[in-house]
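Here is the structure we will look at, set down as structure tokens.
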């Protein structure tokens, strides 16, 4: 193995910079939030709720601009038959941030939640909150594993360093500064990392464009000049339009219900700031994707026979997913490729640390504290967070090293977030009258319909064949192995999400009617979802009981107050009067 010493030195300097910034951010903000009366654990999760526009915009953008984002965008533009038309992530995630800012950021921030799972536990109870934690955790963990795996592969391509060593070192650095400073360290390092991504990729693009092996990308956008390569603008075949729309909806709507996003929303100094940060991040996602698009176009416009890579193009070596580091290595001078390498490393760390912190926050608060140890001290919660940051970081690192199906696991888990959590979020924030019975039904319907469609990247065969399904032949160019995969052209992911939403509403109203009409006795409401819906466990209201069947018209709303009950953990003092009318469960709405 011939390690490039210059590249290794550049990576070491970059990692030291990130580590110093993370430790400095932790030291600078060690007393933030605590002086105002907030718990230390809450400060680690959402800062002191004082993240400003500059840092907030950078860290919100870094939510999605990771190694998978910049590598995946370049890959889709490069792939023959796909092109820019199928590079959906930049516009899909940008729109998800816009929609999140318009509809979700304000109600979540104004009610003073600490994690994305808080409203679920508040309305559906701790058990349902724990059930919804599973797809949320899977999404964060497999996302971290996938981008760490991408980083290891990139480093191995450019500087010939062992993939396992690169993954472990990168993960340890991200885990360490996240342990030390929580959200503050993650947010401040995101500023440096995003700057490195932007600078590193833009420095590389002019050199790659000017390489003699690269044809005019304006010509190759619409015309094929090289064998086995099509125009990089791409097109959408009529037979694929529903599948394209399904994937786009997945990115646009499925990009909202993630703890990494709401962690930034809930750390903003106000609900209005949370909205503004979302809009700024949407713009940032588009800007940060431009160099990746250009690098993908450069890869599609290159005569690889004229480069040190060799006559066989990356696609025919099954290395399309590595087109970005390949372009950096073979079309740019060595010292320039190291700038791009720093960009990829920065992108990975900016997403990995966020996902690890998000998963730990949900576990420490929603599982450990609210479900099992409501009497736990703040110091205990802090230690639980630190332990889970290390454990989840180690698990993500292990998955990145040991499994060859990490991307398939990420695709499936992100689909489950869209299919299960997104409709549940719509219900708890905007649809009155849903309850735990409907939530469970929506969870089951969404899970069955999505998993039933199969997952080609995991070689998971379907047991539900949706209309328009076909058999697709996939040839592995290196091994010459031929796979036959079931391709679902029907928009079954969005259909599963809608089925989950409708079943939540239908079963909620059904059980509400059955219990309130007396068709079912109150003793069968074993989830306390209708009869005792507004009990002290899940609602901070007083319930007047004068018979066995309790109807909603018998609920007497009272002024919210801080207490030692579970409901009190969802309300911060400074948000009791802030935009109170925005909450559908507030007393003012009950009286309307």
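Cβ atoms here come from the backbone N, Cα and C positions, even for glycine.
All TrEMBL annotations are machine predictions without curation.
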Candidate ranges 212-230, 364-382, 440-458, 459-477 [criterion: TrEMBL lists as transmembrane segment]:
440-458
Looking at 58-76, 191-209, 495-513, which stretch does TrEMBL describe as transmembrane segment?
191-209
What range among 416-433, 524-541, 542-559 does TrEMBL describe as transmembrane segment?
416-433
Taking 3+ C-beta pairs under 8 angstroms (sequence gap of 6 or more) as contact, is the transmembrane segment (440-458) in contact with the transmembrane segment (322-348)?
no
Within this structure, do the transmembrane segment (165-184) and the transmembrane segment (7-27) have 3 or more Cβ pairs under 8 angstroms, counting pairs 6 or more apart in sequence?
yes
For the transmembrane segment (383-410) and the transmembrane segment (273-302), does the number of C-beta pairs under 8 Å, pairs 6 or more apart in sequence, reach 3 or more?
no
Residues sitting near the transmembrane segment (191-209): Cβ under 8 Å, six or more positions beyond its termini, same chain?
14, 17-18, 21, 54-55, 58-59, 61-62, 65, 70, 217, 284, 287-288, 291-292, 294-295, 298, 327-328, 331-333, 336-337, 339-347, 349-350
Determine which residues of the chain contact the transmembrane segment (416-433) at the Cβ level, with the cut-off under 8 Å and only residues 6 or more beyond its ends counted.
103-104, 107-108, 116, 119-120, 122-124, 132, 135-136, 138-139, 250, 253-254, 256-258, 439, 442-443, 446-447, 449-450, 493, 496-498, 500-501, 504-505, 508-509, 512, 584
Flag the pair the transmembrane segment (165-184) / the transmembrane segment (242-261) as in contact if three or more Cβ pairs fall under 8 Å (sequence separation 6 or more).
no
With Cβ-Cβ distances below 8 Å as the criterion, list the same-chain residues six or more beyond the ends of the transmembrane segment (85-105) that contact it, or say none.
60, 64, 69, 72-73, 76-77, 79, 233-236, 244, 247-248, 250-256, 261-262, 265, 268, 271, 274-279, 281-283, 285-286, 289, 293, 296, 425, 429-430
Would you kindly list the residues that approach the transmembrane segment (273-302) from elsewhere in its chain, counting only those six or more residues past its ends and only Cβ-Cβ distances under 8 Å?
51, 53, 56-58, 60-61, 63-65, 69-71, 73-78, 80, 83-84, 87, 89-91, 93-95, 97-98, 100-102, 105-106, 108-109, 194, 197-198, 201-202, 204-205, 208-209, 211, 213-217, 219-221, 225-226, 229-230, 232, 264-266, 313-314, 323-324, 326-328, 331
